[in-house]
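Annotated in TrEMBL:
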TRANSMEM  62-79  transmembrane segment
TRANSMEM  91-116  transmembrane segment
TRANSMEM  128-149  transmembrane segment
TRANSMEM  184-205  transmembrane segment
TRANSMEM  211-232  transmembrane segment
TRANSMEM  288-309  transmembrane segment
Amino acid sequence: MVSKPNHILPAEIFHVGLQDPLAIISENRKKFYVGKSELSAPTGISTDADVSNEFFHNQLKPLFVVMRFFGLLPINLPFRGVSTFELFSSIMAYSMCIYAVTTVIICFILGDLSSVLFSEKIDFLTTIFYSMLILILFTSISSPVLLWLDASNYVDYINKWTKFQMLFLKVTHNRLSLNVKKRCIFNAIRCSIIGFSAITFHFFIPYLSIWQIPGLFYTITLVNCYLTLWIITCRTLSTAGKSLSRNFKEELRRKRYTAQSIGRYRILWLRLSQLVSGSGGAMEKTSCLFFAVHLFIITMSLYGFLYGITSEAEIPIQSIGMGIGTVTGGCTFYVTCNAAHKVHLNVKVEIEEELQLIMSSRENHDVLIEVNAFLNTISSHPPVISVAGFFDVNREMLRS
């Protein structure tokens, strides 16, 4: 019979609070340094600043700052302490002002495009292009509101990351280094300037007016911020899975594992699996909208491209643009699904293989019980990224 988790782990591991995580680290560091010399602090624990810098919200902060600047993610991100979302706050008031200005601009653009779309002077390819443009602009009106509705869930997800990283430190005696801050800085700059590509719509058929460019700039920036946040989140989950497996393998290699230590890693892995499963629900409303619109845009772009190359003696410029859009959208969809697939491999497969090796070796009865419990936990709580329970994001989704 498998022993209960609270018989395996010290009680303090199950009560890693969010009131002040750095205070807990400071207290633990004092315990390591008090007493015999062999009880020195683990190499992974250096200073409070080093540990707090590795927190999920501090690693992704450059991207969060850009999203807050465009009024998309009105949450408070303190360097020390927990993240919060307050409906009546200055950052929320700022976001609503940005939303009001951009919505007015986009509504004027939608009115202008609709008047052209329902006229009888445009061809079929231009009709497809304007229909897709109207859909994308409508997304830029609805997605900020959905992001606000998802903000409280996302704050809970960020705080779960903090608790997991604290538990990781307690179990492995090493900091969980996500190493994505430089990448986030680069992507924050890229998301801030990629919207200028909207200027090209002014120079190619069908021509768009200069006053419509700011609305398209905002839309392109919004879409890129969301996609980047999704991919970076998957990367952090993969990194966490690799780090957990590496520490577990190191303990196995040094023959230092016991039934109790395997039980600790089982609870730690379960917390990581919950983070993987929760990543799709942290922004479930926004994710459903973006995936649906993304697939529709790819389908319409492909249809417009095929129509253009089969119905005209000379391939029109609109058809070439839609072909480029189809390839770009397809590549983006592949990267999104592949990132989720790598999370599954790095979190589940690697550590599962190590556990199978232990099961095939001659170990004492208590160790085999804990290994069997670990394998049962993996099978009953698979790390699957599901968007609001409607669909799973993986390579199967791309193939289907």
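From the backbone N, Cα and C atoms, a Cβ is placed for every residue, glycine too.
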### Task
Check the transmembrane segment (184-205) against each of 62-79, 91-116, 128-149, 211-232, 288-309 and return whichever range has the most CB pairs under 8 Å.
211-232
### Message
Do any residues, 6 or more residues outside the transmembrane segment (62-79), come within under 8 Å Cβ-to-Cβ of it, and if so which ones?
### Response
52, 85-86, 89, 91-92, 94-99, 102, 143-144, 147-148, 151, 154-155, 158, 181, 184-185, 187-188, 191-192, 218, 221-222, 225, 228-229, 232
### Message
Looking only at the recorded stretches 91-116, 128-149, 288-309, which one has the largest tally of CB-CB distances under 8 Å to the transmembrane segment (211-232)?
### Response
128-149
### Summary
Residues outside the transmembrane segment (128-149) whose C-beta sits under 8 Å from one of its C-beta atoms, at least 6 past its ends, are 71-74, 92, 95, 99, 102-103, 106-107, 109-110, 113-114, 116-117, 122, 206, 215-216, 218-219, 222-223, 226, 283, 285-286, 289-290, 293, 296-297, 300-301, 303-304, 307, 318, 321-322
